[in-house]
Amino acid sequence: MLSYDRILNFVIGARGIGKSYAMKKHPIKRFIKHGEQFIYVRRYKPELKKIGNYFNDIAQEFPNHEFKVKGRQFCIDGKLTGWAIPLSAWQSEKSNAYPMVTTIIFDEFIRERDNSGYIPNEVDALLNLMDTVFRTRENGRCICLSNAVSIINPYFVYFGLVPDINKRFNAYKHILIEIPDSKDFSDERRKTKFGQLIDGTEYGEMSLDNEFVNDSDVFIEKRSKNSKFVFSIVYKGMRMGVWVDTQQMLLYLTTDHDPSTKNVYALTADDLEEGMILVSNYKKNYHIRKLCSAFMNGQLRFDNQLMRTIGYEMFKKMRVQ
């Protein structure tokens, strides 16, 4: 993953596969060899209560070095090595300087059950922290770690990322998504008593099989060859296309759209640009009313998980029910 040299990296893998351990080991080696420092990030301050145990599982790999945690500072051989920072307090870091930090590790960047635990404007918060730490330096990288909960999260939605979950590496211009293969690890874990206990359960799908248990394939379908483009919608900066297949009586909400169309609807004032039409009440706009009707009648399809998540959020905002 590191060989791709992307500034922002996401690693989503089965629980216990060793994501956190590997990303703990890397900055330790960089500090010992090059004097580079690191920052360990969790979402909220209470999640750092046990940070004093950070080195407990890895210290034995470096028997000639002394590891200590002082408050929220990491030390190796008596020298400051890194910091533990809650993302929720990112604004307090804006005036701090970290000229020797080359690695930011954000652990558990995806919430395991719902979106209620994300901090307001969380992606902007992380980007602000990266900006504060790296400044204009080109040698920094942020690595975000998570269990396989959902391929859809505020970060992928923000950047419009739709990774192929069957590929280990999905490389973009400045971003890399790694979804490690955990088959060998899963086979061994299934032999344990706990592995046998969770095998076949939803928890087992996430922990053993690296399946995205919070994602649903309901209403996800690639648009048909007979579908025709009708109009575009802009929501939270993302432009989406709406297509119709009159033979199947289906509408499709997709990432594909016709950039030359004059039928472009903005659902918020923030998205409104010249040449667009602002829709404040879906019942008063023919196209949007038809889209909402298709959704309510089960006749709307989404071409991927990203479109499904954004679509459901969009309809909720319009109070479609």
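These residue numbers are counts, starting from 1, taken along the chain as shown.
Each residue, glycine too, has its Cβ placed from N, Cα and C.
Marked as region 'ATPase' by Swiss-Prot on the basis of similarity to another entry: 1-196. Residues or ranges marked as ATP binding site in Swiss-Prot: G13, A14, R15, G16, I17, G18, K19, S20. The region 'DNA-binding' annotation in Swiss-Prot covers 222-321.
Recorded features from Swiss-Prot, shown on the structure.
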residue: G18; record: ATP binding site; Cβ contacts under 8 Å, 6 or more apart: none
residue: K19; record: ATP binding site; Cβ contacts under 8 Å, 6 or more apart: V11, G13, L145, P180
residue: S20; record: ATP binding site; Cβ contacts under 8 Å, 6 or more apart: D107, L145
Practice task
With DSSP as the reference, give the number of residues of the region 'DNA-binding' (222-321) in helix, strand and coil.
Solution key: 30 helix, 29 strand, 41 coil
Completion exercise
Cβ neighbour count (10 Å, all chains) around A14 (ATP binding site) is 24
Exercise for the section: Determine the Cβ neighbour count for G13 (ATP binding site): the number of other Cβ atoms within 10 Å of its Cβ. Expected result: 22
Problem - Across the region 'ATPase' (1-196), average pLDDT on the 0 to 100 scale - result: 89
Completion exercise
In the three-state DSSP scheme, K19 (ATP binding site) belongs to helix
